[in-house]
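S.K.: Quick one: structure below, then a few questions.
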Amino acid sequence: MSGSTVPAGAVVPEAHTIETFQPPREMLQNHPSKPHLANFEEYQKLYKQSITEPNVFWAERARELLSWSKDFQTVHSGSLANGDNAWFVEGELNASYNCVDRHAHKDPNRVAIIYEADEPGQGRNVTYGELLREVSKLAHVLTNLGVRKGDTVAIYLPMIPEAIVAMLACTRIGAIHSVVFAGFSSDSLRDRVVDAQSKVVITTDEGKRGGKLIGTKKIVDEALQQCPDVRNVLVYKRTGADISMTPGRDLWWHEEVEKYPAYYTPVAMASEDPLFLLYTSGSTGKPKGVAHSTGGYLLGAAMTGKYVFDIHDGDRYFCGGDVGWITGHTYVLYAPLLLGVSTVVFEGTPAYPNFSRYWDIIEEHKVTQFYVAPTALRLLKRAGDHHVRNEMKHLRVLGSVGEPIAAEVWKWYYDVVGKGRAQICDTYWQTETGSNVITPLAGVTPTKPGSASFPFFGIEPALVDPVTGEEIHGNDVEGVLAFKQPWPSMARTVWGAHKRYMETYLHVYKGYYFTGDGAARDHEGFYWIRGRVDDVVNVSGHRLSTAEIEAALIEHHSIAEAAVVGVADELTGQAVNAFVAVKEGTQINDALRKEFVLQVRRSIGPFAAPKAIYIVPDLPKTRSGKIMRRILRKIVAGEEDQLGDITTLSDPSVVAKIIDVVHAQRQ
């Protein structure tokens, strides 16, 4: 324990009462070798070097973890203030060579991809040797379709091995992959194809997810009605559905790859050449195509895979993220394959055909690292512990990604899923950071439930006063989270809009990278992420983090999920409105709502008490699991006609149900 009395004015009160967990003894005892660092002191020493001598630190790591066809001399040039950062400047390398060839040459029969299809038992394994052949053949196809170095290719594929093959085939020929999540609407797809100027789109006849069919090709056809510059659509046959094929434009993947040899010489890329574009949410305004470089991004992926997740030879890594998001890019594809281990590609959902699906996959494939969003964990915790019937004794690391994980969900993950044998790594990062930036290192870092713990190598956090723009020093402080130094895997620009990149990330506080998130540093130096700066409610001069109020609400035994938004209030400036989904079998009445308000009063204080609590069947979420608080804000503000594109939600029908609840309660 960190001590059970909370000093007056403590910025992170929970840090004083919550238990600090050391890396589990059983994890270290049963380790196939040992963690890459001896102890926390070694992390501190290396971390210090990464901040004071970044060029020495990163040059050594880049040469150790990546294979360069041409060495670099200049480790880093540019600055945050100027937005012209470049790493390993003269170096040349190829991403697909680093992810595939070098492992295939050593051991072609080593499994690269463990494909777990939507229907259990229908998956297959792909070895590094097979992956090299498949990537090479598709590289020939793309070249034959006129795709050249520096061109973008749009990939609209579900979670199947071909998504990995397509991404790597692009990198092999020097093309830039632009993956669009295969759940986005045709309008969202169109916007991304147009913005990236992609001439080729890769998709499937259909997708399968959670027992349902998704008409991916149909969506592509709709999107392309307004994309005259697209020359070809390459279609992978996933279900064999009867689909329309446009002659001269549409081609079958299986027919095209048969025409070409099983090897394609990888194209040498400059370290700073763009590797991929990934569009961050276009739910407000035009989507931003975040552009990542080749050398720096690959190093960030390999470094965090090695040190955060303790990846060792022979591991089997399972990230539940989708390649349509940054989590799937970095931790389904790049980190595991750069390190030459097996990565699980899971097509389905955690609830299909039942709530044991994740645990069955982990058990069957002897998974060593598992990485998933708190949304999925809340769903599975809500479903009941009896679903977690597997031993899963090979698990060493349990990662969490996408949003802060509430303490009780953290403990459930640790006790029920990990059985106290696996370390929890609550990782903080963003599409723009490329890889984990504040995170524990498995087997090394002490952890506190709810805290992302300490910065990764090369990341120098600063908490900035949002009013003065000055850095706030010392511990037991909070502010806006920014970074003081560039790091290799940071995004280099917004595609075709460098000014927007500068204004969004680098000019908010000159000389800093601005994350847009609030954070606190507790009395022991642990970092606590407090949610988006715009997810702050100001009630009677009290700045309240919505994440904090949500965490207080879900401490109540009846609440499965909660989302909090601020709504304009004549008296207090803003008032707290809460939307909660309750566990099955809960009796809904006014007494229960009062209990929920009391829960927040007790946990945070009377000023944080929600003015209204809406009990809803579910919350509006994107398919990556993020709660769309923007939609809830519009509903409570009576702006239901300005909700924007809700087709990107995992279940758009939930919006009408929420509106009904709000109307009924206000009458």
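Glycine too: its Cβ is placed from the backbone N, Cα and C atoms.
Straight from Swiss-Prot, here's the annotation block:
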- R209, G210, G211, K212, T327, S540, R601: CoA binding site (BINDING)
- G402, E403, P404, D426, T427, Y428, W429, Q430, T431, D517, R532, R543: ATP binding site (BINDING)
S.K.: Would you find the one among the binding-site residues T427, T431 whose Cβ has the most company, meaning other Cβ atoms within 10 Å?
M.R.: T427
S.K.: Round to the nearest Å and give the CA-to-CA distance linking R532 (ATP binding site) with G211 (CoA binding site).
M.R.: 34
S.K.: Measuring Cα to Cα, how many Å separate R209 (CoA binding site) from T427 (ATP binding site)?
M.R.: 26
S.K.: Between the Cα atoms of T427 (ATP binding site) and K212 (CoA binding site), what distance do you get, rounded to the nearest Å?
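M.R.: Computed Cα spacing between T427 (ATP binding site) and K212 (CoA binding site) is 31 Å.
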S.K.: Under 8 Å between C-beta atoms and at least six apart in sequence, can you list the same-chain neighbours of T327 (CoA binding site), or say none if there are none?
M.R.: C319, G321, Y371, A373, V401, G402, S624
S.K.: Measure from the Cα of R601 (CoA binding site) to the Cα of every one of the binding-site residues P404, W429, T431, then give the nearest.
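M.R.: That would be P404, the closest of P404, W429, T431 to R601 (CoA binding site).
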S.K.: Could you check what DSSP calls W429 (ATP binding site) once collapsed to helix, strand or coil?
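M.R.: Coil, per DSSP.
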S.K.: For the binding-site residues G211, P404, which Cβ has the most other Cβ atoms within 10 Å, all shown protein chains included?
M.R.: P404
S.K.: Name the one residue among G210, G211, K212 whose Cα is closest in three-dimensional space to that of W429 (ATP binding site); these are the binding-site residues.
M.R.: G210
S.K.: R209, K212, R532, R601: which of these binding-site residues has the highest Cβ count within 10 Å of its own Cβ?
M.R.: R209
S.K.: Tell me the Cβ contacts of G210 (CoA binding site) under 8 Å, same chain only and six or more apart in sequence, or just say none.
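M.R.: D118, G348, T349, A351, Y352 - these are the non-local Cβ neighbours of G210 (CoA binding site), listed in sequence order.
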S.K.: Round to a whole number and give the Cα-to-Cα distance in Å for the pair T431 (ATP binding site) and G211 (CoA binding site).
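M.R.: Cα-Cα, rounded: 29 Å.
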S.K.: Please report the number of other Cβ atoms within 10 Å of the Cβ of G402 (ATP binding site).
M.R.: 20
S.K.: Round to the nearest Å and give the CA-to-CA distance linking P404 (ATP binding site) with G211 (CoA binding site).
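M.R.: That comes out at 30 Å between the alpha carbons.
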S.K.: Using all protein chains in view, find how many other C-beta atoms are within 10 Å of the C-beta of W429 (ATP binding site).
M.R.: 25
